[in-house]
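Only one structure is covered here, and it is reproduced in the block below.
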Amino acid sequence: MAVPPFTYPRRLLPLFLGLFQAALLLFFALFITYDEPSAQKDTSLVANQVYSTFPFFQDIQVMLVVGLGLLLTFLPRYGFSSLTHNFLLLNFSMQWALVLQGLLHHFHHSQIHLDLHKLLISEFAAVTVLISVGAILGRASPCQLLVMATCEIPIYLASEWVIVTCLGVLDVGGTITIHIFSCYFGLGVSKALFRATQQPLHPKETPTPSSDLMSLVGTLILWVFWPSFVAVLCQAGDAQHRAILNTLLAMSASAITTVVASSLLDRDGKLSLGHLQNGSLAGGVAIGVVADMAVPPVAALALGSLSAAVCVLGFRFLTPLLGRKLTLHDQCGIHNLHGLPGILGAAASVVAVLVASKDTSGSQPSQLSPVGGNASEVVEGQWGARGAGGQALCQAAGLAVAVGASLLAGLLTGAALRLPCLARPPERLCFDDSLYFKIQDEAESPGPGSSAEEGALALKE
């Protein structure tokens with residue numbers, strides 16, 4: 001008897017992941033190794049690097065696994081899927097990025113020497129996938145998400161290389177390379193995947209008080225640990241200190257401004273939980289590109305406030321407009337949290353570079369190279385050679401490259417996700433955990449209108 005088409009992804013998922021992990025085991029056995037034991041004189045240096053980096057690394061792990069996972073649980077019947085798919089994509093994308101980074105940048109004498117910095121950079125690459133899937137959350141199958149991650153990681157690595165290495169763009173917190181790229185890649189995927197059809201409001205899409213509460217807890221976790229995400233790649237010392245302070249100031253201002261803007265936009269002066277869940281984090285997105293620059297504290301506060309206002313206004317006015325005019329589906333509002341504040345931060349970096357002078361900055365912005373080296377001397381040399389005007393043009397060019405490359409690649413990836421073997425869930429089963437999880441309560445007491453009956457109807461369709 002023929003197998004219903006929608007059962008293919010269920011068989012394809014373990015096959016896809018099993019083959020991937022088996023191939024990775026073979027690759028690690030052949031090519032991956034650790035550095036040779038350090039000489040006695042270098043032991044203290046290695047220990048200092050580990051002790052200074054690992055706390056930041058752990059903070060970022062909490063952000064991505066717990067904070068971001070909970071932030072995505074605003075869909076009341078999709079909480080298990082949101083948390084699990086986020087966790088799965090993080091591990092899959094990190095390993096895939098680790099392989100590609102090693103082959104592209106660290107393959108010497110048929111060996112790749114693994115260290116904590118390479119693992120951290122691979123995790124930054126995985127962040128782009130976790131952000132992008134927010135545009136199609138709940139309406140895509142796990143197989144589609146894994147294929148999306150497989151396509152996005154190499155494109156991100158190429159885009160980052162062009163922006164940071166070729167153009168010399170200053171972006172220590174990933175505002176341009178991570179947030180803007182992932183936002184417009186996700187929107188491109190959404191546009192191509194759903195084509196010109198406007199997605200109606202699904203009955204399971206409306207948040208409940210309990211799901212919004214869980215999402216708000218995720219926001220608070222992200223808010224607390226965000227300075228580590230921005231500052232981890234800064235050079236230890238003044239630059240890292242400035243990055244932490246500027247990020248804290250920007251996020252504090254964005255939290256307060258979110259409350260003000262959300263209250264003013266409501267006729268009764270009440271707060272929107274969706275605004276709080278996203279606007280409070282907008283300052284962290286915008287400040288990343290200028291975090292290690294010697295901008296005055298008032299600039300960090302102003303940038304945080306502006307980014308929060310732009311995020312809230314985007315949810316209130318721009319998202320419905322894009323849905324009507326462009327039939328653009330953005331489930332999590334990544335354009336308002338990552339796209340608009342990211343563009344604002346990129347514009348702020350152009351202004352900051354133009355008004356910066358050595359008399360007021362004391363030192364040029366510096367950051368560790370995404371490919372594992374120390375790029376601060378190269379960046380300072382490039383800035384000194386091209387001048388502030390040239391660096392400002394490079395910042396603008398980096399923004400254009402990130403938006404253009406991500407949109408084009410997202411559209412192509414979204415078209416590929418329409419393959420029949422990766423069929424997305426039937427419309428009646430979108431935003432439903434029962435499609436992917438065995439839920440005990442439903443298994444014990446199925447009733448009329450239960451998800452099992454819905455699944456049978458969907459298969460008949």
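Numbering starts at 1 and runs along the chain as it is shown here.
Backbone N, Cα and C define each Cβ position, glycine as well.
Unlike curated entries, TrEMBL annotations are predicted automatically.
The following features are taken from TrEMBL:
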- 12-34: transmembrane segment (TRANSMEM)
- 42-419: domain 'Ammonium transporter AmtB-like' (DOMAIN)
- 54-75: transmembrane segment (TRANSMEM)
- 87-107: transmembrane segment (TRANSMEM)
- 119-140: transmembrane segment (TRANSMEM)
- 161-187: transmembrane segment (TRANSMEM)
- 213-233: transmembrane segment (TRANSMEM)
- 245-265: transmembrane segment (TRANSMEM)
- 298-318: transmembrane segment (TRANSMEM)
- 339-357: transmembrane segment (TRANSMEM)
- 396-419: transmembrane segment (TRANSMEM)
- 442-461: region 'Disordered' (REGION)
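Residues 53, 55-57, 59-60, 62-63, 66-74, 79, 120, 172-174, 207, 240, 243-244, 247-248, 251, 255, 273, 276-278, 280-281, 284, 287-288, 291-292, 367-368, 370 of the same chain lie 6 or more positions beyond the ends of the transmembrane segment (213-233) yet place their CB under 8 Å from a CB of it. Relative to the transmembrane segment (396-419), the listed stretch 339-357 leads the set 87-107, 119-140, 298-318, 339-357 in CB pairs under 8 A. Most Cβ pairs within less than 8 Å of the transmembrane segment (339-357), among stretches 87-107, 161-187, 245-265, 298-318, belong to 161-187. For the transmembrane segment (298-318), the residues of the chain that approach it from at least six positions outside its boundaries are 245-247, 249-258, 261-262, 265, 272, 274-275, 278-280, 282-283, 285-287, 290, 333, 335-337, 340-341, 344-345, 348, 352, judged by C-beta separation under 8 angstroms.
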